[in-house]
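Here is the structure we will look at.
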Amino acid sequence: MRCRYAGAVALAAAIFAIDTFTMLSSAVAVLYVLVLILIGDTASERAIRATAVGCIVLDFVSFFYGHGEYISLDAGLRLLFSLAAISATAFIVLKRYADQQTVASQAELLDVTSDAIFLTDTADRVIYWNHGAEILYGWSFAEAYGQESHALLASHYPQSRGAVRAALAREGSWEGEITQITRDGRTIHVFSRLRRRSEPGRYQGTTLETNTDITQRKADIEALSQSEQRFRTIFETLAVAIWEHDLRPVKAELDALRAQGVDDLALHFAQHPDILRRIRASVRVTDVNSTGLRLMGVTSKEEFFTHLDGFLTDPDEDFVSFLLALDSGAPHYQGEAGIRTHQGEPLRVLVAFNFPPPELLDRVQASVLNITERIRVQEALQRTRSQLDHALRAATIGEVSASIAHEINQPLAAISAYAAAAGRWMDRDPPNLAEVRASLDAAGEAARHASQVVRRVRSFMTKLEPERTRLDVDALVEEAMRLVQHEIAANGVALTPALEADGLAVEGDRIMLQQVLINLITNAIQAMHAQPAGERRIAVRTWRIGGKVGIEVRDSGPGFAAEAAQKAFEPFFTTKAGGMGLGLAMCRTIVNAHDGEIRIDPPDGTWGGQISITLPGAGRTLLQG
Ligand code: ADP
């Protein structure tokens, strides 16, 4: 640029010198136009104007210097020509400068856009390449200039390059998505618009190509469609049935009712069932998942019900509460509903809605869970439970009567034995009235005991608390032994008591605890049936263990059989032909009710059956008394 200015100055000086100091009569001054042309491409508007003025000034100076006061017409005309030439040239140069400025600012506009814009010639070579293209593809204008654009960018068209050229020739334009490869090897997706100025039907002239990078948008769309696909899969395969409704008509109806001044919607629906039916009929089902199809017994969505009305069964209370929830602007609704499948089978379902904002009411999903089976099971369970209750009550009554029968067997046997004995004493000659009285007293005591047993067993089995009094353990055991003395004697059993509870008392029910001992002694007698009379021995022992009392009944029988040792305390377990299997069960219930424990001890060398009981002690009775 500097060179040009220097050249221009030198040229102007030379023209001035020739014009001023030589006597050439030709119009040398016209040559000043060359100075203007020389700077015209690069100079600013001001510089062009200044140069033009400078040339005119130099022209005048030479003229007056050469011609002095005498100015010929010829010389005057030459001056005029040269001035006109300089002015015209200055005007043209300035005009070109202005045009260039316009073009430059337009080109700048192309550079402002982020789209890649380039021009190619007939041979598809790049002749213009904007800033956006430089950024998108990585090649500068200088690098791209003259290269075949689609080869440089490895453009891949949906059909073929030939088809695009044909479209350009035919219609002068083409649009579509293409992939290209950038300088750093990235594959990008662009939306490409090609425009060609040429004669129709011929592939000629320049092509303007505007490419918008849609790589990110495509990736976003792809991600969106994948996520949509994922949600679709979840929607379809969910174990819960989902169906989608258009609730806009319903909301419109509700809003209209409110606008008419209806305050109590529930009352209004009760008074106008026709309105309710109309609203129900307006709910359109827009989609349903596979689980929903299966639930309703249809195979395709086309077969599915188009309206809620098609499968909702009466009564309408569920639907009314749904409408009230929607009307109140509640965020969700959950309730039960009765529906009818395609085959007419009635189902009970749990329905849950999440209400979207009003503008999205056209697609409202409801999850629907079939609870028919659950309700059926619950009802069956309820029925079974009440049957069981009934059976339990019956069983308890049976158990009570069985227990009573079991427990009074022994006193009854005693009564009849004493009555027989009394008879025998009467039959003596003379009758022994003292023995008769003793037998009758014993029979009376057994009868009283029997009636007490009946009362206690009944109250005990019906879960009344046992009566609790302080009882001297040794006295209790002694009394029990007396009550079975008849059986002891009749079976030839040697009973050895060792009562060493040392006056310790227990809190408890006398009759029940005696019953435990009577049961244990009776079992012991029965266990020794097979033994010779002389070998039947029973030992009853009481002792203290700290604050507790121990009671033990042992016999010389064979001991508990293996299975009996495991199950003897279970109700109705017996190994005896006429046994009821309630004796030990009762014993355990009674002992446990007294916070005590009962257990079977294994046979040792001396004793077979051995049962021991521990009961919590309640202090010593002798000290108090
Ligand atoms: P039941 O006497 O009606 O059979 P129990 O509950 O009193 O019912 O006894 C259950 C079972 O325990 C008996 O059938 C018997 O097999 C066993 N059993 C009870 N006491 C003894 C004992 N002293 N020796 C051996 N076995 C016994």
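Backbone N, Cα and C define each Cβ position, glycine as well.
As written in TrEMBL, here are the features:
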{"type": "DOMAIN", "residues": "102-168", "note": "domain 'PAS'"}
{"type": "DOMAIN", "residues": "403-619", "note": "domain 'Histidine kinase'"}
{"type": "TRANSMEM", "residues": "7-40", "note": "transmembrane segment"}
{"type": "TRANSMEM", "residues": "46-65", "note": "transmembrane segment"}
{"type": "TRANSMEM", "residues": "77-94", "note": "transmembrane segment"}
Practice problem: Could you tell me what the rest of the chain brings near the transmembrane segment (46-65), counting residues at least six beyond its ends with Cβ under 8 Å? | Solution: 8, 12, 15-16, 19-20, 29, 32, 35-36, 39-40, 75, 79, 82-83, 86-87, 89-90, 93-94, 97
Quiz item: DSSP helix, strand and coil counts for the domain 'PAS' (102-168)?
Solution: 34 helix, 12 strand, 21 coil
Quiz item: Excluding the flanking five residues on each side, which residues at least 6 beyond the ends of the transmembrane segment (77-94) place their CB within less than 8 Å of a CB in that stretch?
Solution: 25-27, 29-30, 32-33, 36-37, 40, 45, 48-49, 51-52, 55-56, 59-60, 63
